[in-house]
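Data first, discussion second: the structure below is written as structure tokens.
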Amino acid sequence: MILATTGSTCATLGEMVTVLSIDGGGIKGIIPATILEFLEGQLQEVDNNKDARLADYFDVIGGTSTGGLLTAMITTPNENNRPFAAAKDIVPFYFEHGPHIFNSSGTIFGPMYDGKYLLQVLQEKLGETRVHQALTEVAISSFDIKTNKPVIFTKSNLAKSPELDAKMYDICYSTAAAPIYFPPHYFVTHTSNGDRYEFNLVDGAVATVGDPALLSLSVATRLAQEDPAFSSIKSLDYKQMLLLSLGTGTNSEFDKTYTAEEAAKWGPLRWLLAIQQMTNAASSYMTDYYLSTVFQARHSQNNYLRVQENALTGTTTEMDDASEANMELLVQVGETLLKKPVSKDSPETYEEALKRFAKLLSDRKKLRANKASY
């Protein structure tokens with residue numbers, strides 16, 4: 001499933017743009033976190049380096065909602081200018097803070113959760129770090145309800161739009177501020193002229209509908225066009241793009257069918273919850289379908305890997321069930337997913353595909369380092 005590093009591939013591997021995309025899904029972020037822990041462990045093993053981190057291998061890391069939080073955790077520098085969190089630290093983060101984030105602190109007429117604990121823990125963990133300090137290019141989405149436009153936070157856009165150099169904790173809260181669940185987030189930055197620039201942001205899934213893979217790939221394409229290191233890459237040259245997309249599991253609500261008679265009895269809240277669940281699941285499916293088709297049409301199908309569990313049941317479908325029992329189930333979902341085949345047509349498991357992915361990422365990193373030394 002993953003491109004082998006033989007033949008002519010090695011000649012251009014060093015110029016390949018590598019992209020990691022992480023879906024939104026609340027507490028279900030435990031599933032991609034489990035996958036990331038496995039991948040980072042493989043990179044450490046392949047390179048015989050226990051300090052290897054995901055940010056060392058990906059040119060672009062993008063995420064929305066809980067995926068944006070994961071993106072920040074693995075790209076925000078500590079005092080040694082290394083990622084403040086290893087992949088193995090993410091699942092424990094959810095276990096420690098999830099029950100406090102998803103508590104019953106909301107009101108009947110407002111969001112389900114007040115978001116105060118979430119913002120507090122993000123401030124504590126991410127400090128005053130801003131976008132420009134991220135250890136690799138990031139793509140974190142949100143949506144401004146005042147301007148009615150998506151807002152995409154990336155390093156490469158700061159020269160043109162310095163007001164986007166926001167604090168990472170503001171960005172993380174904003175991308176996670178799912179309507180119904182958390183309040184919108186207001187904060188202020190400044191333009192190049194020193195003028196105040198206001199943000200009124202909600203969940204990034206409003207902009208990317210849960211799956212930020214297309215957004216992340218778009219940022220990577222622009223990066224390839226602007227960076228001399230990727231001078232041989234032409235627009236839409238997917239042979240030189242390597243995309244790993246991690247899902248948070250499809251929702252059983254998407255698989256369930258309803259009759260007009262049944263839905264006619266729903267109130268506004270039931271409709272809102274159902275529409276959000278259905279839209280996210282449907283969009284995730286269509287994004288994967290589109291990317292699979294495009295990569296295949298350009299004879300680059302082995303450069304795209306979507307890791308997704310399509311059979312969530314029970315409490316694991318809920319984005320806000322942070323009970324210890326459910327979080328344990330989500331870890332099991334991620335671990336079991338690694339053993340499942342990538343597709344019905346291939347016996348290769350996700351674990352095997354990710355091992356080869358790790359080897360490819362390692363080889364590409366070494367080739368680029370060798371090229372830079374000349």
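Note: Cβ is positioned from N, Cα and C throughout, glycine not excepted.
Remember, it's a predicted structure, so these values are computed and weren't measured experimentally.
Swiss-Prot assigns the feature motif 'GXSXG' to one of the listed ranges (63-67, 78-82), namely 63-67. Note on Swiss-Prot: of 24-29, 48-53, 192-197, the range annotated with the feature motif 'GXGXXG' is 24-29. Secondary structure at Asp203 (active site, proton acceptor), taken from DSSP and collapsed to helix, strand or coil, is coil.
The average pLDDT computed for the coiled coil (309-372) is 92.
Of all Cβ atoms in the protein chains displayed, 29 besides its own lie within 10 Å of the Cβ of Asp203 (active site, proton acceptor).
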